[in-house]
Structures are given as structure tokens and as C-alpha cells.
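Straight from TrEMBL, the features:
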type     : residues                                       : note
DOMAIN   : 30-370                                         : domain 'Orn/DAP/Arg decarboxylase 2 C-terminal'
DOMAIN   : 36-281                                         : domain 'Orn/DAP/Arg decarboxylase 2 N-terminal'
MOD_RES  : Lys61                                          : N6-(pyridoxal phosphate)lysine
BINDING  : Gly240, Glu275, Pro276, Gly277, Arg278, Tyr372 : pyridoxal 5'-phosphate binding site
BINDING  : Arg278, Arg314, Tyr318, Glu344, Tyr372         : substrate binding site
ACT_SITE : Cys343                                         : active site, proton donor
Amino acid sequence: MDHFSYRDGRMFAEDVALDTIAAEVGTPVYVYSRATLERHARVFREGLSGLGKIHLAYAIKANPNLAVLRVLANMGYGADVVSGGELARALAAGMPAHDIVFSGVGKTREELAFGLDSGIGQFNLEHEPEGVALAEIAHQRGLRAPAVLRVNPDVDAGTHAKISTGKADNKFGVAIADAPAIYARLAALPGLALRGVAIHIGSQLGDLRPLETAYASVGRLIAELRAAGHEISHVDLGGGLGVPYREGESLPSPADYGAMVTRATKGWDVELMFEPGRVIAGNAGVLLTKVLWVKPGVRHPYVIVDAAMNDLARPALYDAWHDFAAVAPSGERMIANIAGPVCESGDTFAMARDIDAVGEGDLAVFRTAGAYGATMASTYNSRALVPEVLVDGDRYAVVADRIAAQTIMGAERVPDWLT
Ligand SMILES: Cc1ncc(COP(=O)(O)O)c(C=O)c1O
Ligand SMILES: N[C@@H](CCCC[NH3+])C(=O)O
């Protein structure tokens, strides 16, 4: 069941009409559905139900809003974090420290110490010097840091180049061929409790084959590490499962993914960990916007909406497609370009798109905006930071305020020597 659907010609988020939210909170605004978040969390877990003991660490970079994290914490999810800021959020949302995994290619010593002092469950080491530093910091505290080594399997994930992470030339992990030697050196350090490996080859994957190839490499590595005498008890298979962005698009489901994982990890005898992000949050949110103007264009009119690339960066960054739908469609269609107010031609959400006909003042949504939406927002062009709303049945709450340009200006200073 879609939790963003029409009733009597108006779009609702669960049981709340989007025009009500627009009138009360203003636009642009992100709107999330709690029921959808919960459904996705449940379906992902069910997809992996044949695998025995698993750990689910929601990749909070996808949507780190505290209310969203609380929903997922209540569903038994831990967190995959990539900065001290994300770690602070996961803890603040009530995620138990031992359910938190710390990934990221540029963790600072301070962040490593923060993770240790918080008692997090696992560090995913991205390279040898990081492991050495973590071992030192842990040893000084009389601790052994639970850790796994992230390997780069040199697999083309078949997704957008900017969100591929598993090719040899990408910055993530250690080359899988170098992994046995690095693993052996790190495993010998007294401050580390090295217990396995991690992998993550990219995001928005629409084909499971690259993942299966990568997991097969991990399987061979596990055998090699065990043959060298290492105890391998944990393997983190990362995230990356894609979601449909276009109506009618069909992608592998969590159940398909689970079947592949079951096949690929047969006989591994480890606790598997997963870091889903987009598949949990992507289709649980829309960006609600208002049409400001409809302006003639050379081939098609420009629909200028009040959301812009600073609110939803994905189209400008990755040429990403987000379905656009009127909140109260008339039934008419139009071919139009859709753009925001920011002074860049890249601030264009769609060109020559067949959309619901809209005019000045109409409300519309960009769909599938729950992941990598608000979290990538900025205040470029001195625009406000976009607010977020969580709907739960017939109630809703503003879960992140709109931060006005004036408030942001309040953090700036003109030094007195600049008279
Ligand atoms: C290490 C790591 N884990 C998990 C994820 C989540 O990925 P996705 O949102 O595609 O599931 C990412 C982002 O791609 C990541 O870098
Ligand atoms: N920000 C990207 C995903 C990056 C995933 C981070 N590892 C997107 O919007 O699709």
C-alpha cells in the first residue's frame, strides 16, 4: 500500500492531506511517512530472514533526522555512521552504542576516540594507518576495539560513477589483494579485536550481479584469512540496494536480495551485518513544493517551483530523476521543464517532462525524496534550510524547523577591523 496516495483528488501522506501541511508549515518541506519507514524496515528484515543472526545498521547518511532514527531504533535497527556528528545523532536517537558501526574513509583520531568512549559495536577500518591509530587510542584506554577491515573488490557496481565505491580507483577500503597482509599486521595489534571484513560497492544498485561477484570475492578472502589462522566471525555486506524512482520501474526486492545473499554466503559461518540506507528511507518521503510561476521556454514552458537544488541536490549532482506529481491533479497533462529559483542552470529538476498540468500556486511533490534529500540540503543563494515533517496516521509533527536565512546570517560576523 502506498502511503502517499490520492483520496478524492488530493494527495495524502497517510491520513494527512498534503495541502494541510503546506498551509500550516509552508513550502518547500520534506514530508515523511512513519508507516512507510516501518514497512520498509520490516520488509528488508524479512528479506533476510533465512540468514540466522544478522545485524541491521541503518546507514543514517540517507536520512539522519532524529525522528526518523527513532522510528528505526524502535524497529530494532542500529546505525552505520560516518562521522562524529552522525554518531552523536544515533546516540541521541536512542540507538544502543553496541548496535552502531562506524564507517568512513576519513575518520579523525578524535572521532575514533569518540567512538571508543561511546562503546560502539564496530569500527569499519578503511586503511591500515587508521587501524594502527585506532589500536593506539584503544590501547591507551586499556581497550580492544572491535573492528573489521573494509575491502575494495574492484567491481563495477553499474551505478552512477559518483556513487560507485568498489572500483580499484575509488577511495574506499583496501585492495582485496592486499587485504591478507594488512589484516595480518592489524590483527597482531593489541588494541584491536579484528573480527572480519566489510564491503560496500555503491549505492542505487539496480542489478544484484555485481554485488554477488563482490560477495564471492569476500567468500574467497574469508577462506584465505581463516587458512592463515584468523578467526572471522563478522562480515558486513554494506548497503546499496536500489529503489524505483520512476513509476513502473522494477528493481530487485529485498526478498530477491536476501535470496542472493543466502546463496552467496552459504557456509560462511559468520554473523552478517547490513547497512541499508536508501531502501529504507527513499520512498518514505516526498519533497512538497509550490509552483511559483510558469514561464515560457523555447520548446517547453518552465515550471518554476519554490524548491531548488539547495533543497534536493540529486538532480543537479547526478542527473537523478524524481517523479513529479500534482497534489490536486486536474487530469490534464503538459510537457514542461521544471526548475527551481537558484541562479544556476543546473537547478533544473526535469526537462521536457510529461507531467500533471500545473499553474501558479499549485502544490506538487517530488517523489522518492526521503533518502539523500534533506540531509544534502544547503542554504545556497541564502535560501532557508528546508524543514521536515513526519506523518503518523492522522497526525504530523515538524521534526526539523525551517531555518531562515536571517538565522544563518546570525552565525556570521564582520570583524571590527573591517571598518
Ligand atoms: C559504507 C556505506 N554503507 C552504507 C551505505 C548506504 O547505501 P544505500 O543508501 O545505497 O543503501 C553507504 C552509501 O552508499 C555507504 O557508503
Ligand atoms: N548521495 C547519493 C548516495 C550516496 C551514497 C553514499 N555512500 C545519492 O543521493 O544518491
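Every residue, even glycine, has its Cβ placed from backbone N, Cα and C.
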Number of Cβ atoms other than its own within 10 Å, given for Gly240 (pyridoxal 5'-phosphate binding site): 30
Residue pair Tyr318 (substrate binding site), Glu275 (pyridoxal 5'-phosphate binding site) - Cα distance, angstrom, rounded: 22
Neighbour-count leader, CB within 10 A, binding-site residues: Glu275, Glu344: Glu275
Nearest of the recorded positions (Lys61, Arg314, Cys343, Glu344) to Pro276 (pyridoxal 5'-phosphate binding site) - Cα to Cα: Lys61
Binding-site residues compared (Tyr318, Tyr372) - the one with the fewest other Cβ atoms within 10 Å: Tyr318
Alpha-carbon distance [Glu344 (substrate binding site); Glu275 (pyridoxal 5'-phosphate binding site)] in Å: 34
Candidates near ligand 2 among the recorded positions Arg314, Cys343, Glu344, judged by a Cβ under 6 angstroms: Arg314
Pyridoxal 5'-phosphate binding residues Gly240, Glu275, Pro276, Gly277, Arg278, Tyr372: largest Cα-Cα distance, in Å and rounded to whole number: 15
Site diameter for substrate, Å, by largest Cα distance between Arg278, Arg314, Tyr318, Glu344, Tyr372: 27
DSSP three-state assignment for Tyr318 (substrate binding site): helix
